[in-house]
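Asks: According to TrEMBL:
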type: ACT_SITE; residues: Asp91; note: active site, nucleophile
type: BINDING; residues: Tyr146; note: substrate binding site
type: DOMAIN; residues: 184-286; note: domain 'Pseudouridine synthase I TruA alpha/beta'
type: REGION; residues: 1-26; note: region 'Disordered'
type: REGION; residues: 352-375; note: region 'Disordered'
Amino acid sequence: EENGHQNKKLKSDADEEDAEDQNKKSPKRKIVLLMAYSGKGYHGMQRNVGSSQFKTIEDDLVSALVQSGCIPENHGEDMKKMSFQRCARTDKGVSAAGQIVSLKVRLIDDILEKINNHLPSHIRILGLKRVTGGFNSKNKCDARTYSYMLPTFAFAHKDHDVQEELYRLDRETLERVNQLLACYRGTHNFHNFTSQKGPRDPSAKRYIMEMYCGEPFVRENMEFAVIQVKGQSFMMHQIRKMIGLVIAIVKGYAAESIMERSWGEEKVDVPKAPGLGLVLEKVHFEKYNRRFGNDGLHEPLEWTEEEEKIAVFKEQYIYPTIINTEREEKSMANWLKTLPIHDFNSSAVEMQTNKNNPKKSSDLEGSDGCGDDSD
């Protein structure tokens, strides 16, 4: 028995030595990982080091990277050591089908399989590519595409008595929705669409390339539609507020003129749609691809080969979560009940109050308005 125990101990020591030898042989390289995840139950993407009560996607990712042997344990504690950067910091409950993170890892054998073995099934690494040593996924990203899946009864007029499961979106309402969404295209001052940014803050100006609502479809007896939006970058809650304002207008709670006002200097009460339906679809690296994508050393950051895997993941983990949570928790239906509480008609008196309040004061002019496509 003693000899058997001794043999086991020697074997485990030998395994550890083999792993160490492999780690020494595996050089560290800068890579990007293509990630997909269902964000339900997580407090967003970004890790809060030292705060274990708010679980994030990166907590699970870093743990898997350490356990698979891609990074040493101390790199998990200090993510700067592996030059870690995420492309988009998705908010609480938000999912992703095409998130990109950049980091330095040991290129071990079967790396994707080993990382995925240590991840829950609702977080997957779907692809990996080598990138230049100075690559930073956040800074090198030209644009981000998000989708927002919502039940179409959200667009039913407030004066109509609607049965949620029976509601079907008519062509006229869909066209109205798309006319309003198109107004966001171009550069506007979105200070009213996020928190903690005043109208004077230059970073509140954002460029939107496209925004539209696709054809509705029925799932589990309920009709849904998906809104797509592509922009250079987005601020916290910006997309949810952009959609929230359009819903408020289509339902008849707010006048269409509120969009113009919201880009001006005054404080406008913009409702924030639920986080449930928001998905980071894709991130774009056009400039990087032009410069390095065909240099003979690096691949372009495009994921055509992974598109099928992305589609399967969405069907398996993202869409069912949105549909089932909507049916069980009624996040959209409950949020719609809060719309009458909002004040969509701020007065000149309130404008004066805002001007007297230094936190809200501004001498910035508003945007050129709906349909302005200037960058």
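Yeah, the Cβs are placed from backbone N, Cα and C, and that goes for glycine too.
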Asks: Highest CB neighbour count within 10 A among the recorded positions Asp91, Tyr146?
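Replies: Answer by Cβ density within 10 Å: Tyr146.
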Asks: Over the domain 'Pseudouridine synthase I TruA alpha/beta' (184-286), what is the model's average pLDDT?
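Replies: On average, pLDDT over the domain 'Pseudouridine synthase I TruA alpha/beta' (184-286) sits at 95.
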Asks: Within the domain 'Pseudouridine synthase I TruA alpha/beta' (184-286), how many residues are helix, strand or coil going by DSSP?
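Replies: Helix, strand, coil within the domain 'Pseudouridine synthase I TruA alpha/beta' (184-286): 25 helix, 33 strand, 45 coil.
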Asks: Quick one: Cα separation, Tyr146 (substrate binding site) versus the residue listed as 'active site, nucleophile', in Å?
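Replies: Spelling it out, the Cα of Tyr146 (substrate binding site) and the Cα of the residue listed as 'active site, nucleophile' are 12 Å apart.
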